[in-house]
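Chemist: The structure's right below; bear with me while I get my questions together.
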Amino acid sequence: NDKKTYMFYKRKVLTDNFLDKYMQKFSPATYTIIFVNVLIWLCMILYLNNFSDVKLLDVGGLVHFNVVHGEWYRIVTSMFLHFSFEHILMNMLSLFIFGKIVEAIIGSWRMLTVYFIAGLFGNFVSLSFNTTTISVGASGAIFGLIGSIFAMMYVSKTFNKKMLGQLLIALVILVGVSLFMSNINIVAHIGGFIGGLLITLIGYYYKVNRNIFWILLIGMLVIFIALQIRIFTIKEDNIYNKLIKDDMTSGNYDNAQNIVKQTINKNYADDQTYYLSGMIMATINSKSEGMTEWERGLRMFPKSGLLNFELAIANRSLNDDEKALKYVRKALNADPKNTDYINLEKELTKSNESKNK
């Protein structure tokens, strides 16, 4: 039985015309995935005016902040989203090649299993190390197919130089192109490759050697649990605040205001959200409207050092040192070691003392 499994992989993988043989075969699973990806891409073109980070976030891009707040669907939806024509073209060409190879060797259902497990595994790895960007694309799953091919070459003991050369060239091209694209997640690529490699070896050794099978399966589960622990223990970054700041830096205050409203409506706002909202109001309207927004934020986050400090500065600029001192002392209660708070408190205390003499 072990020998039959070994000969199956050897016979399937070993061929003088490595690519030609598999490119000629009908591959329904590969074609279906490509069709779904292209269909979603066309829908995005029809219904979205642009492919900005905000739009990608709205339609299901992968973001650590949203996932840890319960939006787990993004782990799957992000695999079917692409941010440019070049991005989807590169991914679908890669999927056409590597998908057909894997599907021809192990069959449609197993290929789909490798593809999705690798894609999910890659996204979990990404969430464990990346908290500040929005990532989309099928690349993690595609790298999983490449990992699967390497695994099959290993178990079949087939190391044809031509075959290895073709795979390595394709891998270098994929990685090279990825480095020049934004929103591309290299960590997800690595995670996907490892996921595809492991799940293929697990499937092989299930038939050949149960001891190695259990070692690999338990190892993969341990990695998965470790990733979950890291995902939920690393410091989260509010992606919406980052997008607001990016628009403010670019002078797109209307867009920034829209993101503020969206963040508040989703109950994702924190004290920094209200701080940024106040800065927008102060810039495009008036200082008093900015202060009103910061006071609104303080009702939600009364212990916010950031908002109390900003109101202290604002009141000082209005020559209301007494009120400013009240706010800066609240800020110090929130963060006693903050040198900016300490210095302002000293300055205001001296000012009030001199006025009272």
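The backbone N, Cα and C atoms fix where each Cβ goes, glycine too.
Pulled the feature table from TrEMBL, pasting it below:
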| type | residues | note |
| --- | --- | --- |
| DOMAIN | 70-203 | domain 'Peptidase S54 rhomboid' |
| REPEAT | 305-338 | repeat 'TPR' |
| TRANSMEM | 29-48 | transmembrane segment |
| TRANSMEM | 79-99 | transmembrane segment |
| TRANSMEM | 111-129 | transmembrane segment |
| TRANSMEM | 135-156 | transmembrane segment |
| TRANSMEM | 163-180 | transmembrane segment |
| TRANSMEM | 186-206 | transmembrane segment |
| TRANSMEM | 213-232 | transmembrane segment |
Chemist: Go through the chain and flag residues at least 6 beyond the ends of the transmembrane segment (79-99) whose CB is under 8 A from any CB in it; none is fine as an answer.
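Modeler: That would be 19, 23, 27, 29-30, 33-34, 36-38, 40-41, 44, 51, 56, 59-61, 111, 115-116, 119, 123, 136-142, 145-146, 149, 170, 174, 177, 181-184.
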Chemist: Could you give me the DSSP helix, strand and coil counts for the repeat 'TPR' (305-338)?
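Modeler: The breakdown for the repeat 'TPR' (305-338) reads 27 helix, 0 strand, 7 coil.
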Chemist: The domain 'Peptidase S54 rhomboid' (70-203): mean pLDDT?
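Modeler: Over the domain 'Peptidase S54 rhomboid' (70-203), the predicted model scores a mean pLDDT of 87.
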